[in-house]
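Enquirer: Sharing a structure here in structure tokens format.
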Amino acid sequence: LHTPMYFFLLNLSVLDLGFTSTTLPKSMANSLWNTRTISYSGCATQVFFFLFLISTEFFLLTVMAYDRYVAICQPLHYGTLLGSRACAHMAAAAWGSGFLYSLLHTANTFSLPLCQGNALEQFFCEIPQILKLSCSHSYLREVGLLAFSAFPFLGCFIFIVLSYMQIFRAVLK
């Protein structure tokens, strides 16, 4: 259980546990008290943790794809390339990248002035709903930021696909 694969699976399971805990408590509270609103600070917190956990999970899946690539395509180098220190650094990079990504989007989204009130009639807060409450045209910067931030995720997706293509190619040989 001390191999890199299990270390990354532990990180992934912690992320999934946190991801479920982001919206479920508010949903249960709203069901018990028959309400459908969320506070402004609760919305900001929920958006931050939702983005933090989902982006960290995607970055961690990219690291896990690299782990499987090295394990299958370069098995003799596995111990040297993916030692415990390297795994800890890669996991920390995934968590740190997710934190920075979520901090950037949360700060940018919640710095917008709201002119249509600050109440959402739902238990789940998401950026497009908050942008609808903004009356200024500065919401375009968040849309631009979302488009710009798609590039790291596209890069991660391409890396995952290419690494699994190499794995399939190595297995089929």
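Placement of Cβ uses the backbone N, Cα and C atoms for every residue, glycine included.
Remember, predicted model here, so these are calculated numbers, not experimental data.
Per TrEMBL, the feature domain 'G-protein coupled receptors family 1 profile' maps to 1-173. The signal peptide annotation in TrEMBL covers 1-20. Look at TrEMBL and you will find 44-66, 86-104, 143-165 tagged as transmembrane segment.
Could you place these features in context, so I can see how deep they sit and what lies close by?
Expert: Confidence across the domain 'G-protein coupled receptors family 1 profile' (1-173), taken as the mean pLDDT and rounded to a whole number, stands at 85.
Taking Cβ pairs closer than 8 Å, the signal peptide (1-20) reaches residues 49-50, 53-54, 56-57, 60-61, 63-64, 67-68, 71, 82, 84, 87-88, 91, 94-95 in its own chain, all 6 or more past its ends.
Outside the transmembrane segment (44-66), and at least 6 residues removed from its termini, the chain residues within Cβ reach (under 8 Å) are 5, 8, 11-12, 15-16, 18-19, 22-23, 26, 38, 90-91, 93-95, 97-99, 101-103, 105-106, 109-110, 124-127, 130, 153, 156, 159-160, 163-164.
Among residues of the same chain six or more beyond the transmembrane segment (86-104), those with a C-beta under 8 A of the stretch's C-beta atoms are 4, 7-8, 11, 47-57, 59-60, 62-63, 66-67, 145, 149, 152.
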Enquirer: Mind checking which residues of the chain, 6+ beyond the ends of the transmembrane segment (143-165), have their Cβ under 8 Å from one of its Cβ atoms?
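Expert: That would be 55, 58-59, 61-62, 65-66, 68-69, 97, 101, 104-105, 108, 127, 131.
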